[in-house]
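Structure first, commentary second.
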Amino acid sequence: MALFEDEMDTSPMVASLLSSLANYSNLPTGSKEHEEAENNEEGPRPSKKPIKAPQLGTLMGVYLPCIQNIFGVILFLRMTWMVGIGGVLGSFIIVFMCCSTTMLTAISMSAIATNGVVPAGGSYYMISRSLGPEFGGAVGICFYLGTTFAGAMYILGCIEILLIYIVPQAAIFKMEGLEGPEAEAALLNNMRVYGSLVLGLMALVVFVGVKYVNKLALLFLACVIFSILAVYAGVIKTAIDPPVFPVCILGNRTLLTKAYDVCAKTVELDNDTVPSQLWRTFCDSDALNATCDEYFSNNNVTEIQGIPGVTSGILAENLFGYYLEKGVILEKRGLASVADEEGPSPTSNRYVMSDITSFFTLLVGIYFPSVTGIMAGSNRSGDLRDAQKSIPIGTIAAISTTSIVYMSSVILFGACIEGVVLRDKFGEGVNGNLVIGTLAWPSPWVIVIGSFFSTCGAGLQSLTGAPRLLQAISRDGIIPFLRVFGHGKANGEPTWALLLTAGICEIGIIIASLDAVAPILSMFFLMCYMFVNLACALQTLLRTPNWRPRFKFYHWALSFLGMTLCLSLMFICSWHYAIIAMGIATCIYKYIEFCGAEKEWGDGIRGISLSAARFALMRLEEGPPHTKNWRPQILVLVSVDAEQNVEQPRILSLTNQLKAGKGLTIVGTNVVGTFLNNYADAQRADQSLRRLMETERVKGFSQVVISSNLRDGTSHLVQVGGLGGLKHNTILVSWPQNWKHPDSHLRLKDFVEVVRETTIASLALLVPKNIASYPSNGERFTEGHIDVWWIVHDGGMLMLLPFLLRQHKVWRKCKMRIFTVAQMDDNSIQMKKDLITFLYHLRIDAAVEVVEMHDSDVSAYTYEKTLVMEQRTLILKQMHLTKNEKEREVWSSSTEAVSNPTQIHLTLTKNSAPTGHMSHNTPGGGTASPDCEVQRTWTDKGGAKDQSQASAGKPEAGKDLFNMKPNQFNLRRMHTALRLNEVILKKSKEAKLVLLNMPGPPKNRMGDENYMEFLEVLTEGLNRVLLVRGGGREVITIYS
């Protein structure tokens, strides 16, 4: 193995390696800012009047809009029911959790909103500019869907107030006489019909005159505030003069108001006892001896006070929860009753029954929408006189106010109202009155009318704000299929977005149940708030230079607490809705990422990437990776033509096929020149590399260096490629084509120097020969072999590379064969057994064959081949002498001159006789073919003076060429190369790819041409060859 004898100390022969298989051990050795005009939600407005400066202050611009958006339908329609079901303690916990979440979110939002101007888009703008277009788009769509479903919820609340408390006679599907599921279905159908009509009417109002909606906002707000004040006034009145508000109880069961006229079984009329309507409801006749319901017969009818007052002590009874299954009768605690075990089951036309199964998490989902709306102030930042002052103060004040109202309402409702009345969701036991209305002063109609107009106004606001949010997202262009919704009327009104909003809102109307719609929009709002907190926390922790909010009362821990609360509430409300909402957001995120959102907003995610990259690079600096973690980090050296296009693009196809290891890839090239003069060429070359990498789907980095010559540029790439611990460990460079041609002398030298540099730097080297014949990424091999010729141990590179290639679809169907060479002293049978065992431990499937190569005499063809190689080397040396070197040659040679020896022709064939008595047979035993003729011509094209000076030494040189004898070292190397080539051709000529150990370069640079000739002979006749040199460390292991 003369080709590899210089490396036996560092690269042992396979035979010696396999003998120590039992002790085999593999241990490691040693911003662009986005300020586009499309973000203006109002759009261009043609106006002759000059634009006035924003004049809204904290009260009118932030505080009151937030109050209006936070107070809503849940307060009037579900708050009393929540207190009755969850108890004062449970309801207070729910309110406290939700209000704490919004307060923490408001703190984070205030920090973001005061860190510069927040244009139209509100929370969407803040999240997208803080977390990037992917998160911004995903959360923006979720916030849009939440706002849209909020519109549906307000409309359903409006219809519920209308049909149940104002004009029940307007129901299209009559509910009189119906009970159970039939009555429920009739109610839902009425909600759907009237909800669709109201939705169409509101959409028309928004389309025709948004300005009227804005002007009516104060009226709607006045209704809300007046209704709340009426409730507090009623609470105060109960302490002074509790109202007479009787509720009829049979045993401990609450009776429907329509089931009786008086709360008694019989009444005295003209000194006569006659049955009441209640008697007729439970008995089969009016006779006093009629057969009655057993529970009716065994229990008395009592009348209790529905609103005993704040001083009555009822708070203790309402302190704890009273959760009910669907269809269960509302019962009063503390009243004794005789159970009706064998009698007929109670029917819904007699008692007040629960309409849904209630539990703590359901209450959270239903209640949370009543604390949303905190973004109203930030959405109007463009209209504020001093947004950075007004937004924090106004938003936090509004949340504080509403939180106090909600928490006090929980306590006051529990202290004033009887439990069975609180649990009566639709007021069926209190004559069909709105429960919260029964507490209000001076009249229940204050609450009914106020809540009706409040829900109408909130619905209009949702249908006004949601299309503008969608328009802002569409105009950002991050979601391509939504771009059509960025267009609108001439005045900028989002017509198409309004149509889509109305369509999505109709889905909520079709659901028809307020209790079912509320958790849906809770999910979307909670997700939005969660990412607002995340954005603030990230910006604070990353300490980006641009993070300078004027609002100082924030901390990353508060933001993380808010984010955790939001995430917890999502799964508390409804885990399946939470998963669906997160799935929608994830799909939108991946879609934006797939479409390639070309937006640079200086977002925090990029900051995270930079921080994570720095952290990872610092960790990589701690030491080299373990063998199990080793993967090829490839530096691909390519050359470009005069147009800065890659000359051999197929090398990147091979790179892609090798990247099953998912490691680093750097594609580098060199531009000859100076940085000042050739920077534009370098930029074009970089763009060319990037385009080719994208075409070949190579994920990595491009690197172009400018240097005065090719050699220095390549050396710089090898030295400085990568960063810190993330550096290349493998060089991939193609075989220099036509290296024998005089014009390619620089490329030849550069190639050999790359081999030397990789050896010194302990880098692996991959050299594909005939790269143009390698398959593209679109090709498929349906059969064939990948042959590995394992001659010296290289750390396992020859084993690892075929495995990586076979992970790619191009090579997947190819089978792997491993050949190794046994010499005279080796036991080939034992070598094969050891190699099979070794591969088994490596978990690599491959066929194994040991090829025996015995020593033989050097053939005449080998002798001649070596002689021709050395003669050509001497000629090439003469061709590339510098002027000074030529002058030294002149003085050192004979003084005899020849007038015109400008050309020397040397022709030598395999059949020509060498100097000396050697065998004339070729290695194959036959005669040499004429196509093996070698011919080289040298012409001195220098100036006349140089020609005359150089010509003196050339006759002597010519004599030396024909009288020289080959070097014995070169002769032995040529003999090894020819013998190996003969064996490889015999076994692997039809292989799809041959991987072969690459011999090391000569220590003496004068032998570079000889080295290339050895490699040429070694690989002659093979179609695809990948020469491999290991990096001096183990790259594959048998251990887990």
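Even glycines carry a Cβ here, placed using N, Cα and C.
All TrEMBL annotations are machine predictions without curation.
Check TrEMBL against the ranges 124-145, 784-805 and you find transmembrane segment recorded for 124-145.
Taking every listed stretch (217-236, 396-422, 520-541) in turn, the largest tally of C-beta pairs under 8 A with the transmembrane segment (356-376) is reached by 520-541.
Across the domain 'SLC12A transporter C-terminal' (649-764), mean pLDDT in this model comes to 87. Between the transmembrane segment (496-514) and the transmembrane segment (193-210), the number of CB pairs under 8 angstroms, six or more residues apart, is three or more, so the stretches are in contact. Residues 101-102, 104-105, 107-109, 111-112, 115, 123, 126-127, 130-131, 135, 139, 142-143, 145-147, 149-150, 153, 364-365, 368-369, 372, 508, 547, 554-556, 559-560, 562-563, 566-567, 569-570, 573-574, 577-578, 580-582, 585, 604-605, 607-608 of the same chain lie 6 or more positions beyond the ends of the transmembrane segment (520-541) yet place their CB under 8 Å from a CB of it. Here the listed stretches are 89-112, 124-145, 152-173, 217-236, 396-422, and the one with the most C-beta pairs under 8 angstroms to the transmembrane segment (442-460) is 217-236. Remark: the transmembrane segment (553-578) contacts the transmembrane segment (89-112), by the rule of 3 or more CB pairs under 8 A. Under 8 Å from some Cβ of the transmembrane segment (89-112) lie the Cβ atoms of residues 82-83, 118, 123, 126, 130, 319-321, 360, 363-364, 367-368, 370-372, 374-375, 378, 391-392, 395-396, 399-400, 402-403, 406-407, 410-411, 414, 526, 529, 532-533, 535-537, 539-540, 549, 551, 553-554, 558-559, 561-562, 565-566, 569, all in the same chain and six or more residues away from its ends. Counting only same-chain residues 6+ beyond the ends of the transmembrane segment (396-422), those with a CB under 8 A from a CB of the stretch are 58, 62-63, 66-67, 70-71, 75, 79-81, 83-85, 87-88, 91-92, 95-96, 99, 102-103, 106-107, 110, 228, 231-232, 235, 238, 247, 249, 254, 304-310, 312, 314-315, 317-319, 322, 330-333, 352, 370-371, 374, 377, 429-430, 435-436, 438-439. Shown for the domain 'SLC12A transporter C-terminal' (972-1040): DSSP residue counts in helix, strand and coil, namely 31 helix, 10 strand, 28 coil.
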